[in-house]
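S.K.: Mind having a look at this structure? Questions to follow.
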Amino acid sequence: MLTWMGIVLTLGMLRLVFHWLPQYYVKASHQQCPLEEAEKILLRDQHFQWFIHDVHIITPPEDPSSRHSADVSLHQMGEVAHKPYLVVPGKQGTFKEVSQIKYFTSKKVKYIWNTASQNFVRLTSFDEDTPCSFFYTCKGLLDEDQEIRQLVYDTNEIKVRLWPIYEIVYREIVNPFYVFQLFSCLLWYFDEYWIYATCIVVMTASSLTFYVYSFRKMQTELRDKVVSHDVITVWRTGEAYVDVETEKLVPGDVIVIPPHGCVMQCDAVLVSGNCIVNESMLTGESVPVTKTPLPNPKGEEVSYSIKQHSRHTLFCGTKIIQTRYYGNEKVKAVVVRTGFSTAKGELVRAIMFPKPIDFKFNRHSYYFVLCLGGCALVGLIYTFIVMSRSGVPVGQMVIRALDIITIAVPPALPAALTIGIVYARERLKKKHIYCLSQNSINICGVINAVCFDKTGTLTEDGLDMWGVAPVENSRFQREVQDASTLPHNDDLQCCMAACHSLTVIDGDIVGDPLDLKMFESTGWELEEPGIDDTVKFDQMMPTVVRPRKPDIVTSSESVEHNTPFEVGIVRQFTFSSSLQRMSVITRKLGAANFQLYVKGSPEMIISLSKPETVPGDFSTHLHAYTRQGYRVIGVACKPLPHLTWVKAQRITRDRVEHDLDFLGLLVMENRLKRESAPVIKILRDVSIRTMMITGDNMLTALSVARDCGMIDKDAEVVLVSATYDSVSFVPEECPQQDENIMEVGEKANKKDGRRQNQYHFATTGPSFAMIRDYHSELLPRLILRGTVYARMNPDQKAQLIEHVQDVGYNVAMCGDGANDCGALKTAHTGISLSEAEASVASPFTSLQQNIKCVPTVIREGRAALVTSFGMFKYMACYSLTQFVSVMILYWLGASLTDLEFLWIDLFLLTVLGVLFGRTGAYPILVKETPPASLMSVTPLLSVFCQMTIITIIQVVSYVFITTQPWFVPFERNDEEEYDSYENHVVFVVSQFQYITLAFVFSKGAPYRNTVLSNRLLCVTFVLLTAACVYITIYPADWLVRIMELKPPPDIKFSALLVLIAVVNFFICVICEMFFVDYLFFRVLRSKVAWLRRKKREYDVIESELLADPSWPPIDRSAKAAVQARSNCLAVETTSLPTETATMTDASPQQTLTDAAPQQTLIDTGVQLADVSLLESATDDDDAPAESPDDGESARFEYSSL
């Protein structure tokens, strides 16, 4: 009650303060209580953002007359009919009945009350300890069970709420700047200063309209891209199949995947049949992936994990291309997650609730305004003292005192600060770069690190076949760049045509792009058995490949005469990342024997081949190809003379994959976009860090990094790999068997005399996760020198960018896939090269599909930031100049007239302010980034010097006119007629000062073009200066009358005032250019330690590394180098042709919850035992769950009211 009385008595101002500080509103309007009794929950996340959420209660539709056991499994509940009752998830797939459920929802995640731990926990389903065998016992749900679960889990939808326009407007106008504008305009209307007040209202309304349009457009685009509805068949208890809307799906539903595919609307685990899936929405790779049923072990139980069992999980948002099954058996899956808990839902949450960007310029702008507010307070006191002595009425005194506040703190400041941003946005639009969030443009000006995706960003999509290196008689033959010219019966060409995992869907050959390129290069054709695609499950009829121009085999000991040359693929051993290979058992038409073809990593193929078939210079050739950035695959074959058809279907791969005949090497290239290398060079030349974050393999990423110049050709690369208990650092290059590996720093010194410790780290996603969780003390050093991060999944990309930000970098991210969404949103600046999902998450979208947009965005950002910086100083000095003028005149009991105010505010300030930002960006990037802190010494010194000069000039002019023989002092009057010599001299001198300030702060190189390039501004300078000279020397009588001027009778004195203005101009320019910019900013700052820019954390880490020549602890052994190389190749070959390998190291389940801010209940300091209220962190393959985001402890403090 007292709170609302205070709100009423303060005319709503207290409620406005509570809006800015919601934690105090809740504390003032509610009583703190035990968490179990709370009606509202006060939360604060790790970014110190406050949230208030209502606690709701779910009750069952009706009270049941009978109950089951308190601990029943989901499928059991579907078998017993009962009246509706509420359930909550328990352990190992069980659900517990409860009478009611208390919950609140935060950032689209529901948290329910756990009576056992006495806290709120995140609502889950089967994500934790459910045994795999449980899913095979699910027999469908009753309709009543489905309704109960839907009460708990809500509808299966990913809803993006469109804010009503009035809500968008309200949220924006309660910004302190807009509130002050409203106050100022009301005061001006009350004081009959309506013309300028109306102008401010119009400008503010225009700005708000543009903001509402942009914000609503962004929300609409996001909603349109994520909304999806469908109808799917669900298995109900009793062998009944019904079609239901996907919005009604709940965890535990058994769904039937249609034969010709669909778009998944939930996360579900596959329990029967196979699915061919396109997971590009999550992984960025449009490679069809085969999903197989979840293992159903008969012995030891294995707990289901979405990450570990990603090859058996269908993820929301992915497209099922086709299903395959035995006979009439249906392809079934059990729903495990719905709505925002799904993989797609987590991606959308990461977009909707990104980590807030703490931009120093924005933060310091509030501090600067507070300083101006301090000046206003001094003026307020001064006004009351001066006017009270003069007997001014209290009402008028209050109006004049409040007027001082609107003079000292410019209400037009928000609009003025957006001028440069608006012009930069339009310039970017002309270059086909579209900005969704214009507030991000200024942030681009301080970018000093850029992360790039690889495929589709730095390189063209996919690989191209470069050629083959055949081997005959244990010797490499001349490379063949057109594989189709090889003899058709040559084992090398047969291997290329048969050893793959391609399949035919709707008449098109689909599969891994590498397989597809390899097969297409042979010029052969593929034919599968003439049956329905959807039942090609373990068929006994082989897939056949043959040359497009059929060959007739005319003579052979083992084939009949005049037989077409065809190769049948009898058995396929799919790719295994641990084995680093795949193989097929084939048989040529009419041949007596089966033949095995194998392809995989060159080292693995060599280890399985007969030594006498391997060329002696194998290592030399392999090294030559890999150093040029080519992808190299080894191929081999083996005859199987004693194998029968039945044995071929039963034999294990380890019994045939040995004693191979080495056939040669396949060489493929991932072509670099021609714009990539020049752009990387531009960025590195100006000391902007460049990093690659890719889902591709390590060796390809390293070769692309060298090709584009991210890593110099002769630079040292240290491969970093980690386990739970150790981290190893091994140079990339392989030594000879008996040769030690020298220190990286030593090698650099021997090569070109570079300073010690200049090297690049390269690591993979799994190793990054290990370091992040178990060796976090090494993370800053890894981040500082890390250049290539391979096999990174979507949430790891976002996590990495956060860690790069943590060491002090301002990070931009450039990518083109949906899997980059989290990283694009997490970065200070995201630049999307795609108009698909990534464009919604990214502030910038380039229609040019290359990275030329990156330096363009940075240049425009620097220009916009310098413009905002200059405009802020200009607005501050404009306010203080007018403040000084009014203070001088208030001493006399006078002031500026309304028309004088209007001339300054509307014609000088507004016109110059609008044209101030038209100056374009400087065409060349420079090393020095523009300052981003308004509270640093340089901008404060600049404002102080300019205001000192301006104040002295105004005071001198005022004193000077009082010494003239014709001077008549001003006499106070009640009519507020201010025409006097004192008013005239202060006004005419100050009008020149506003023009001078605009010129002084309109700086050019190295961030903006020269002021002369802004022709419209130059013309305006000339016209306004001419108008001011006219007003000063010989104004017309009508102008004198309406502006209430009192020109001096001596025209020479008026000319002298113009001369004073000229002197004022040159003093201000010299002071800014020589004293502030050159003498102080460049000379003194480099010599005086405390004046230098404060070292960021990455500078401190760099100093530590340079002071420690023994770090990193390089493993010198040849064995370690070989092992590191093997690890790289193990990662590399995960992208070799196979359905299952695609998801081995980059599971789409790994959600982006770390990219979305986590929340912590705060206030009483009570520690909660259960940590599940945190956003879920994704486990590594065999590791325990990750700790909360940014390594923060899983501790909950709460305030319940």
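Each residue, glycine too, has its Cβ placed from N, Cα and C.
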S.K.: Can you say which of 176-194, 195-213 is given as transmembrane segment in TrEMBL?
M.R.: 195-213
S.K.: Given pairs 6 or more apart, does the transmembrane segment (1053-1084) have at least three Cβ pairs under 8 Å with the transmembrane segment (937-961)?
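M.R.: They are in contact.
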S.K.: Looking only at residues six or more beyond either end of the transmembrane segment (981-1002), which have a C-beta under 8 A from one in the stretch?
M.R.: 870-871, 873-874, 877-878, 881-882, 885, 888-889, 892, 894-897, 900, 903-904, 908-909, 912-913, 916, 919, 946, 950, 953-954, 957-958, 960-962, 964, 967-970, 1011, 1014, 1017, 1021, 1024-1025, 1028, 1031-1032, 1044-1048, 1054, 1057-1058, 1060-1061, 1064-1065, 1068-1069, 1072
S.K.: Could you check whether the transmembrane segment (397-424) packs against the transmembrane segment (195-213) - three or more CB pairs closer than 8 Å, residues at least 6 apart in sequence?
M.R.: yes
S.K.: For the transmembrane segment (906-925), give me same-chain residues lying six or more residues beyond its boundaries with a C-beta closer than 8 angstroms to one of its C-beta atoms, as numbers and ranges.
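M.R.: Residues packing against the transmembrane segment (906-925) from afar: 195-196, 199, 412, 416, 419-424, 427, 682-683, 685-686, 688, 855, 858-860, 862-864, 867, 870-871, 874-875, 878, 991, 994-995, 998, 1001-1002, 1004-1011, 1013-1014, 1016-1017, 1020, 1024, 1027.
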S.K.: Pull the DSSP breakdown for the domain 'P-type ATPase A' (237-351) and write it out as helix, strand, coil residue counts.
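M.R.: Across the domain 'P-type ATPase A' (237-351), the residues distribute as 22 helix, 41 strand, 52 coil.
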S.K.: Over the domain 'P5B-type ATPase N-terminal' (2-114), what is the model's mean pLDDT?
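M.R.: Over the domain 'P5B-type ATPase N-terminal' (2-114), the predicted model scores a mean pLDDT of 77.
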S.K.: Given a Cβ distance threshold of under 8 angstroms, which distant residues of the chain, six or more beyond its ends, lie next to the transmembrane segment (875-894)?
M.R.: 368, 372, 375-376, 379, 382-383, 386-387, 390, 392, 400, 403-404, 407-410, 412-413, 416-417, 904, 909, 913, 943, 946-947, 950-951, 954-955, 958, 969-970, 972, 978, 980, 982-983, 986-987, 990, 993-994, 997, 1001
